[in-house]
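A short worksheet on the structure shown next.
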């Protein structure tokens, strides 16, 4: 009888222990669930407003070279001006030679012989081996420590995928994806050998949040996001930092927005935020080798990702409605313009 009592005693003690463990587990889970959004909020605010980014010089000293694609206008031009001000020589690549010459002349007049510039007119949509061979000749022997993958193309107006012109689809993929791959692959061996370097690739909310009526563009930018996260892990052991830079709307020719606001910075404001937050995630929390550095874009991405989910049906539906409206207005404008002619 005593042995049975002892046995039952052990069982009762064991049961009590299991109950206590379960209670503690539920309590800890509750505390974690309550604390997680608070911690996440603190993290995003610190990253966007308080903590500084890494210094550019940690990726390559002044006097080394920065290569910028899509350099003649908008964001690319502002990157060129900002990097020249910080003492970096420039390789400017874009489609129109006259615009490149004008930018190079502006930089030369401001900084004189302290900053060297090289230019190459190149239509990335053509994907010509001869163009990439010319680019390779241009950079051979140069210490290129910074690469800004900025060249990009979107649809002329929002358009259903079934109606997207074949040439437009091809150009978007060639410019956004293939050009970025080929230029990066051309420069990474040198960065690896020098054990330092910075690769910034301009992405878009259109790739982070699925965007109906911009399906090809959205897919191309989603590709850049996945590729950057994978490439960043590959190059990190070699001292090369990769950062996919996410953004919402900016006052550029691509967005067709002219007036800046709190939600829509101009290129200069966006570039300043990007270079001041190198290595910081901003609103792109828990996304490897990715940053959303501009404050309003960062808060927007963080909120949507945390509380709705970047690929949730609600977000996709909102995106579709917004771009259907943009398409209707664009078509009406085209009709009015046609009647005036």
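Each Cβ is built from the backbone N, Cα and C atoms, and glycine gets one as well.
Of the given residue ranges 22-42, 43-63, Swiss-Prot assigns the label transmembrane segment to 22-42. Separating the Cα atoms of residue 123 (NADP(+) binding site) and residue 221 (active site, lowers pKa of active site Tyr) is a whole-number distance of 19 Å. Around the Cβ of residue 67 (NADP(+) binding site), the same chain contributes 90, 91, 93, 139, 144, 146, 147, 148, 183, 187, each under 8 angstroms and 6 or more positions distant in sequence. Per-site Cβ counts within 10 Å over the binding-site residues 150, 252 peak at 150. Annotation for residue 221 (active site, lowers pKa of active site Tyr): spatial neighbours 176, 203, 204, 206, 207, 208, criterion Cβ-Cβ under 8 Å with sequence separation of six or more. Each of the binding-site residues 123, 131 was scored by the other Cβ atoms within 10 Å of its Cβ; the lowest score goes to 123.
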